[in-house]
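S.K.: Take a look at the following structure, please.
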């Protein structure tokens, strides 16, 4: 089975877990939790959120 990565926080997802968000244009996003889903829906950027993988990298540079 294929492992997927959470679109928002970057955490690896086990097969059969997580949530799938599909936009009207057909693009799909895999989320690991409702925390990631709600932050994505609110329009927050992963690079500005401290607890995400992208945020940790971005904030180290600053």
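Glycine is no exception: its Cβ is also placed from the backbone N, Cα and C atoms.
Taken from Swiss-Prot, the feature Zn(2+) binding site applies to 6, 9, 32, 36. Residues or ranges marked as zinc finger in Swiss-Prot (evidence: sequence analysis): 6-36.
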S.K.: For the zinc finger (6-36), give me same-chain residues lying six or more residues beyond its boundaries with a C-beta closer than 8 angstroms to one of its C-beta atoms, as numbers and ranges.
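M.R.: Residues 46, 49, 51-54.
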S.K.: Excluding 6, 9, 32, 36 themselves, which residues in that chain have a Cβ inside 8 Å of the centre of the Cβ atoms defining the Zn(2+) site?
M.R.: 7, 8, 10, 11, 13, 18, 31, 33, 35, 52
S.K.: In the zinc finger (6-36), how many residues does DSSP assign to helix, to strand and to coil?
M.R.: 3 helix, 10 strand, 18 coil
S.K.: State the count of C-beta atoms found within 10 angstroms of the C-beta of residue 6 (Zn(2+) binding site), not counting that atom itself.
M.R.: 22
S.K.: If I restrict to non-local contacts, at least six residues apart, and a C-beta distance under 8 angstroms, what lies near residue 9 (Zn(2+) binding site) in its own chain?
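M.R.: Expected: 32, 36, 46, 49, 51, 52, 53.
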S.K.: Average the per-residue pLDDT over the zinc finger (6-36) and send me the rounded value.
M.R.: 95
S.K.: Given the binding-site residues 32, 36, which one's Cβ is surrounded by the fewest other Cβ atoms within 10 Å?
M.R.: 32
